[in-house]
Amino acid sequence: MATLFIADLHLCAEEPAITAGFLRFLAREARKADALYILGDLFEAWIGDDDPNPLHRQMAAAIKAVSDSGVPCYFIHGNRDFLLGKRFARESGMTLLPEEKVLELYGRRVLIMHGDTLCTDDIGYQAFRAKVHKPWLQTLFLALPLFVRKRIAARMRANSKEANSSKSLAIMDVNQNAVVSAMEKHQVQWLIHGHTHRPAVHELIANQQPAFRVVLGAWHTEGSMVKVTADDVELIHFPF
């Protein structure tokens with residue numbers, strides 16, 4: 001058996017091929033897993049659990065079917081869907097996890113997260129993140145009419161796209177000191193995360209020992225998952 005990790009699907013109505021690929025993944029690979037962990041940015045945007053978007057209802061039902069089959073499903077918020085709440089988690093049968101979580105997997109201690117908190121060189125983004133994660137601001141936003149939230153979210157996405165276009169690739173990647181600090185704080189030799197869309201297995205030193213950082217790929221033209229078994233930790237890409 002295996003534990004599976006995915007991230008950065010950025011599901012939206014404009015990308016039906018990705019949605020179809022995810023549904024096939026849930027019907028096949030996910031059903032055979034010990035557990036499924038979704039490490040953020042499952043959706044391209046999330047403006048509240050009360051959004052009647054048909055895609056959200058479809059995904060909730062599909063994930064719930066996996067959960068009901070006996071495969072536990074877990075979710076860590078990403079930078080796109082950090083407002084996903086308890087209502088959707090309940091509808092989809094997912095358990096919401098904190099932004100950093102340590103798992104005991106087949107004899108390994110593994111730290112999992114979305115990954116945006118590791119990009120400490122992107123000072124502008126980190127300031128924005130700190131602001132939008134304030135509970136009072138989230139409560140205020142979610143109290144707004146749905147059409148107002150949609151307009152605000154569209155404007156924020158446009159601003160983010162414009163800002164990122166002028167940033168260097170290095171700034172938007174993880175900071176190595178932040179990586180080592182997180183791994184040493186949690187006393188782990190394995191870290192799995194998404195966010196950067198740069199799939200790879202990196203070797204480093206943490207806790208004065210060899211360590212590994214596994215980065216999930218985004219679901220653009222193919223699927224990406226990390227498969228952890230008693231024997232191995234694999235980064236796997238597969239066609240939709």
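Cβ atoms here come from the backbone N, Cα and C positions, even for glycine.
Around the Cβ of Asp41 (Mn(2+) 1 binding site), a 10 Å sphere holds 29 further Cβ atoms from the protein chains shown. Marked as Mn(2+) 1 binding site by Swiss-Prot: Asp8, His10, Asp41, His197.
Taking the Cβ of His195 (Mn(2+) 2 binding site) as reference, residues of its chain lying under 8 Å away and at least six apart in sequence are, in sequence order, Ala7, Asp8, Gly40, Asp41, Gly78, Asn79, His114, Gly115, Asp116, Leu118, Cys119. Look at Swiss-Prot and you will find Asp41, Asn79, His114, His195 tagged as Mn(2+) 2 binding site, backed by sequence analysis.
For Asn79, Arg80, Asp122, Ser160, Asn164, Lys167, His195, the entry in Swiss-Prot reads substrate binding site, with the evidence type sequence analysis. Neighbour density for Asp122 (substrate binding site): within 10 A of its CB lie 21 other CB atoms from the protein chains shown.
Each of the binding-site residues His10, Arg80, His114, Lys167 was scored by other CB atoms within 10 A of its CB, and the lowest score goes to Lys167. Excluding Asp8, His10, Asp41, His197 themselves, the residues of that chain whose CB lies within 8 A of the CB mean position for the Mn(2+) 1 site are, in sequence, Ala7, Leu9, Gly40, Gly78, Arg80, Gly194, His195, Ala218, Trp219. Here the Cβ of Ser160 (substrate binding site) has 14 other Cβ atoms within 10 Å, regardless of which shown protein chain they belong to. The binding-site residues listed here are Asp8, Asn164, His197; among them, Asp8 has the most other Cβ atoms within 10 Å of its own Cβ.
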